[in-house]
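Report on the following structure.
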Amino acid sequence: MTINALLLSSSRVGDTPYLAHAIPFIKPLTTNAQKWIFIPYAGVSMSYDTYLASVVTGLSELELDISGIHQHPDPQQAIKDADGILIGGGNTFHLLHQLYRYDLVTLIGEQVALGKPYIGWSAGSNVSGLSIRTTNDMPIIEPPSFNALNLVPFQLNPHYSNYQAPGHNGETRAQRLLEFTKVDPLTPVVGIVEGSALWRQGDKLSLLGDQPAYLFCGEQQEIPIPVGSDLSHLLKA
C-alpha cells in the first residue's frame, strides 16, 4: 500500500462556504473510502459536536459516513475501523497534545502508511509534517513533543502569506520561517497558500490549486513553487 494524503492549506478561500473549494481535491480520496473518522481536537473555541456538524455539512455532497472520534469510547479502535481520517484546523498545539494524550500519533502514521487516506486542513496539515515547529498558532498548551505524524518528511506552513499591514512592525511570515531555517537549515519548509493543497500519492507529491507555494530551506528563502508543480523530490529529503 502507499500513502494517500491530502494536505489543505485552509478550510475556506475568501468568502466561500466551508470546505467548498476543497471538494474537487477531496473527492478522489473517497472513491474507495466511505467511512471516515473526524478528529476535532484542534477546535478549542467550539464544541466537538459543533465542529463535526460543520464538517458533515461541508462535505455533504460526497455522501460520506463521518463520525467524530470524540463519539467513540476507544479512539484507537475508531482510527483502525475507519476507511479514512479527517483532521480539521484550529490550534495545532492543542491538536498534537490530544493526539499524544490518546496515543494516536504513531497509530495514525502506521494506518496511513498502510494506505488509509488522510485529509487534513490548517492544523490538520501542520501535524502531517515532521514537527509543528512552523505552525502559526499560539502555544496555548504544551504537547509532550513537537514531533508530528511524519506523513511528509518536511515542514509545512499553512495559510501562507507574507502580507504586512501598513504600520505593523512585527515579523512577517517569511521572517519567521527564516528563523526556522537558521536553526534547522537542512529541513525544507513549504508554505501553502489558502486555496491550495499538497497531495501525496506514494512517492509522488503534487501541488494542487491555482496558487503557488513557497519553499524555504537553508539559503533558499521564499522560492516560488509554480502552480501544478511536481514536488516529489521533497519526499527524498
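Note: Cβ is positioned from N, Cα and C throughout, glycine not excepted.
Note on S122 (active site, charge relay system): other Cβ atoms within 10 Å of its Cβ, all shown chains, come to 27. Annotation source Swiss-Prot lists active site, charge relay system at S122 (among others), citing sequence analysis.
Taking the Cβ of D137 (active site, charge relay system) as reference, residues of its chain lying under 8 Å away and at least six apart in sequence are, in sequence order, N91, T92, F93, A123, N126. In the three-state DSSP classification, D137 (active site, charge relay system) falls within coil. Annotated active site, charge relay system per Swiss-Prot: D137 (among others), in sequence order.
Sequence-distant neighbours of H159 (active site, charge relay system) (same chain, six or more apart, CB under 8 Å from its CB) are S9, S10, S122, N136, V193, E194, listed in sequence order. According to Swiss-Prot, the active site, charge relay system annotation covers H159 (among others), on the basis of sequence analysis.
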